[in-house]
């Protein structure tokens, strides 16, 4: 290893901010470092509520993104009796290198899913629900009508606030907006995930500008509904790029923001390049609020649906 590479290695190891690196400078050699203390999760002693939620999901043939995506917040959220439901099956038609959700040929749509979802939400007695989905590029509408069917079924049985976290629908914005007109959510969420420079590596099946256009178009047509988006950090993005993405989101009508740390689900996924210190997350939140966001959740374990009700409820009440 030459002096330049050796110097970089020592800097990385000293700061202990990088978990795994796979770069040309290291000849694609994997270097593993311990996770910092702020990344470690405490498992609750009482797991009864967790088992109860999992049982309800299995009973009604439902999926949660909490389980499918190996979310680090599962113990906390399930213990509070909350879950983010994942519709349209458990197999994604894309294979993003950061995501733990299964991919491959998807199953046919479960027409009973909207009713099963509504019943489960009623049985759980929750007042705020987040619904997301796998990407279904095989469907003409990307699954938009199924989202609407779920929203309608839930509203028939429950007086709950509904947040949806949607895919990009392959850029078919005009069609999607028309479909959602018959069943609108309380919050519309679509994640840009990372900075545009890294899209080919991080989000190869997506287009940054199309994601912004989806968020902008939804807000223009349904101006009374808050729009939301999120970023995951630690993949090689620069501070200036993060700020620019936040400005892009805000200028396209987004008022709610989530920013979290990317955690590598397995050795087969894209490696973490940097663990973001807590102080940097605080600075990112400060910057987001100065840009104009109504609310910004920023921290290592923040995910799109993490404490979603706390973030959105004040804003929804104002509408």
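Backbone N, Cα and C define each Cβ position, glycine as well.
Copied over from Swiss-Prot, here are the features:
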{"type": "BINDING", "residues": "66, 71, 77, 305", "note": "[4Fe-4S] cluster 1 binding site"}
{"type": "BINDING", "residues": "92, 96, 99", "note": "[4Fe-4S] cluster 2 binding site"}
{"type": "DOMAIN", "residues": "78-294", "note": "domain 'Radical SAM core'"}
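For residue 92 ([4Fe-4S] cluster 2 binding site) paired with residue 305 ([4Fe-4S] cluster 1 binding site), the C-alpha to C-alpha distance reads 19 Å.
Among the listed binding-site residues, namely 92, 305, the Cβ with the most fellow Cβ atoms inside 10 Å is that of 305.
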